[in-house]
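Engineer: TrEMBL feature annotations, pasted as is:
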BINDING   Asn8, Glu361  Mg(2+) binding site
BINDING   Lys15, His185, Leu186, Gly187, Asn188, Gly189, Asp259, Met260, Arg261, Gly307, Ile308, Gly309, Glu310, Asn311  ATP binding site
BINDING   Arg68  substrate binding site
ACT_SITE  Asp125  active site, proton donor/acceptor
SITE      His157  site 'Transition state stabilizer'
SITE      Arg218  site 'Transition state stabilizer'
Amino acid sequence: MSTVFVVNSGSSSIKYQLLDHETGERQASGLIERIGEPGSFIADHTEGMQLVLEELGSGREIAAVGHRVVHGGSAFDGPTLIDDGVEAEIDRLASLAPLHNPANLLGIRAARAALPGVPHVAVFDTAFHQTLPPAAYTYAIDTELAARYDVRRYGFHGTSHKYVSEQAAVLLGRPLSELRTIVLHLGNGASITAVSGGRSIDTSMGLTPLEGLVMGTRSGDIDPGAIFHIARQTGMGVDDLDRLLNRESGLLGMTGSRDMRDVQDAALRSDAAAELALQVWRHRIRHYIGAYYAELGGLDALVFTAGIGENNALLRRRALRGLEHLGIRVDDDRNELQSGEARLISPEGAPVSVMVIPTNEELEIARQAISLVG
Ligand code: ADP
């Protein structure tokens with residue numbers, strides 16, 4: 001029995017896949033949307049899950065259900081068999097991810113009720129980064145306050161960073177334990193991770209996914225003083241500022257579009273705002289590459305993944321241009337080859353192997369779920 005049911009539950013949606021954890025073969029996938037919204041015929045996640053299971057049909061043998069959970073705080077450093085206690089802990093951590101954890105829990109509860117005889121496993125976006133050393137995860141604020149409210153850096157996209165850094169070792173045919181790797185996950189959300197011997201040692205997202213790179217709608221790094229200044233000048237409250245920085249900033253705030261394809265098109269038409277946005281985007285990426293190069297003490301592999309990283313050769317080249325002195329080189333022909341496969345885009349024999357590796361978070365969740373339940 002090798003079929004795993006992978007569930008990614010949002011506040012009004014259930015995204016799912018049924019896949020073989022050994023071959024990666026996808027047997028079914030889908031998305032149920034508008035759960036509980038006005039005019040929708042799906043009242044709640046319980047009904048949504050019933051619909052999903054009807055679509056999948058009966059008589060399938062499922063070895064495990066893998067649930068994507070965004071925030072595992074400091075409590076979870078790997079895949080975890082879900083029981084009532086684990087549900088309660090995910091609920092407690094909702095203060096750290098108020099939009100995501102409660103939504104993930106709705107899916108967990110609905111799926112556990114619908115499939116009571118199958119093991120349910122939580123796979124956390126934060127888990128891979130639990131290996132960060134204290135120097136990398138500690139914010140320089142009052143220690144007691146930080147401890148009381150769990151204020152520290154956690155990092156996200158961990159499932160993707162883990163999968164991609166392991167695939168990099170496979171592609172290179174070298175042991176993971178000896179590789180120093182930087183993974184650039186560049187999608188609508190974006191983060192960069194330094195992986196040493198298979199362990200995450202630093203990552204750009206923090207307590208929440210707001211820190212770090214310039215994203216579709218998130219600002220990434222910003223002086224907290226700038227936020228106080230904006231608050232004082234405008235009278236905006238905490239929720240307004242949260243919306244401003246999470247939903248109205250980044251590429252959207254700078255150009256009017258959150259989609260990198262629009263920004264790039266506008267820049268090609270010499271739109272000054274779009275060109276500046278690309279420069280800021282690139283500047284931030286290189287800032288982190290330099291920092292992680294220093295932290296890793298050198299670099300063997302640099303990997304692009306997710307929507308922008310997998311699909312945009314021009315932006316990959318642009319991001320890395322001028323880093324040749326670090327051994328980071330891109331071969332234009334290899335880079336421009338369109339492919340859905342994991343591939344090398346640096347020239348033969350270059351000191352740093354630059355790669356494009358399509359991420360597959362569902363497969364990683366399935367594998368981790370099986371690794372736990374056998
Ligand atoms: P998410 O981050 O939402 O999980 P993806 O990793 O698939 O999703 O990234 C989606 C984003 O990738 C889109 O919002 C789009 O901006 C960007 N994207 C996809 N293809 C391209 C491309 N060819 N060029 C630039 N950006 C792209």
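Keep in mind that glycine also has a Cβ here, set from the backbone N, Cα and C atoms.
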Engineer: Are any of the binding-site residues Arg68, Asn188, Asp259, Arg261, Ile308 near ligand 1, with a Cβ under 6 Å from it, and if so which?
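Structural biologist: Cβ under 6 Å from ligand 1: Asn188, Asp259, Arg261, Ile308.
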Engineer: Under 8 Å between C-beta atoms and at least six apart in sequence, can you list the same-chain neighbours of Asp125 (active site, proton donor/acceptor), or say none if there are none?
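Structural biologist: Set apart from Asp125 (active site, proton donor/acceptor) by at least 6 residues yet with Cβ under 8 Å, we have Arg68, Val69, Val70, His71, Gly72, Phe156, His157, Gly158, Thr159.
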Engineer: For Leu186 (ATP binding site), just count the other CB atoms lying within 10 A of its CB, please.
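Structural biologist: A count of 27.
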Engineer: For each of the binding-site residues (Asp259, Glu310, Glu361), count the other CB atoms lying within 10 A of its CB, then report the residue with the highest count.
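Structural biologist: Counting Cβ neighbours within 10 Å, the top one is Glu361.
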Engineer: State which of the following recorded positions has the fewest other Cβ atoms within 10 Å around its Cβ: Lys15, Arg68, His157, Arg218, Arg261.
Structural biologist: Arg261
Engineer: Roughly how many Å separate the Cα of Asp259 (ATP binding site) from that of Arg218 (site 'Transition state stabilizer'), to the nearest whole number?
Structural biologist: 12
Engineer: Could you measure the widest C-alpha to C-alpha distance across Lys15, His185, Leu186, Gly187, Asn188, Gly189, Asp259, Met260, Arg261, Gly307, Ile308, Gly309, Glu310, Asn311, the residues recorded as binding ATP, and give it to a whole number of angstrom?
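Structural biologist: This binding site's residues have a maximal Cα-Cα distance of 25 Å.
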Engineer: What whole-number Å value do you get for the CA-CA distance of Arg261 (ATP binding site) and Glu361 (Mg(2+) binding site)?
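Structural biologist: Taking the Cα atoms only, Arg261 (ATP binding site) lies 23 Å from Glu361 (Mg(2+) binding site).
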Engineer: Please list, in sequence order, the residues in the chain of Asn8 (Mg(2+) binding site) that are at least six apart in sequence and whose C-beta is under 8 Å away from its C-beta.
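Structural biologist: Within the chain, Asn8 (Mg(2+) binding site) has Cβ neighbours under 8 Å at Ile14, Lys15, Tyr16, His67, Arg68, Gly107, Glu362.
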Engineer: According to DSSP, does Asn8 (Mg(2+) binding site) sit in a helix, a strand, or coil?
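Structural biologist: In the DSSP reduction, Asn8 (Mg(2+) binding site) maps to strand.
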